[in-house]
């Protein structure tokens with residue numbers, strides 16, 4: 001029996017399409033014949049519907065997954081205010097416990113062939129006074145997919161984030177160029193620069209370029225990703 005696959009999705013910043021790309025990957029994995037589930041361990045920003053607190057990012061992931069996890073497993077920490085998690089957690093009397101997230105991930109792996117774990121914000125977002133999302137990624141021990149929001153400044157953001165990931169002993173399984181600014185000048189040259197630097201310094205392949213889609217449909221974006229290459233990388237990482 002093939003061991004389940006998993007990856008940790010992070011980004012160069014907040015609001016650069018990390019959830020959108022995660023949803024696209026979920027669709028891609030499903031098309032690849034895999035049972036794909038999503039974990040959004042920490043979500044900040046909730047709304048109430050029918051007496052249940054929900055999160056838009058988590059909803060988008062559920063819509064893309066062909067294995068939908070129970071909400072309390074998919075998102076063990078749902079915070080109400082849309083702000084920095086450690087600040088909101090302190091105000092709401094919640095402790096963002098990494099061990100709880102690791103346990104949720106372990107359970108999720110028993111229910112799917114591949115589990116996409118989406119982080120919150122960028123790679124180093126505080127969860128407590130002493131731990132951040134980089135510590136979470138290390139505790140999970142997963143290959144990382146880096147989502148780069150292609151806009152002015154993205155080269156430095158991408159290289160710095162990649163350095164931070166590998167400095168923690170983690171492998172970058174690949175990166176995705178997500179074109180968030182359709183009016184950006186020299187977008188092709190920016191992507192080419194990031195591609196060359198990340199390949200040379202981190203052996204991190206470009207998994208795909210996602211055009212600025214309107215409407216933003218994850219199913220369409222899935223066709224722009226090299227899911228087969230990602231699956232091969234994840235399987236090799238298990239050995």
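Using the three backbone atoms N, Cα and C, a Cβ is placed for every residue, glycine included.
Of the residues 57, 59, 62, Swiss-Prot places 57 in the same Mg(2+) site as 19, 118. Burial estimate for the recorded positions (40, 179, 212): highest at 40, by number of other CB atoms within 10 Å. Listed in sequence order, the residues 9, 18, 20, 22, 23, 38, 40, 43, 58, 60, 61 complete the 8 Å Cβ shell around the Mg(2+) site centroid, once 19, 57, 118 themselves are left out.
Cβ neighbour count for residue 119 (ATP binding site) (all protein chains, 10 Å cutoff from its Cβ): 25. A separation of roughly 5 Å, to the nearest angstrom, links the Cα atoms of residue 118 (Mg(2+) binding site) and residue 40 (active site). Ranked by how many other Cβ atoms sit within 10 Å of their Cβ, the binding-site residues 17, 121 place 121 at the bottom.
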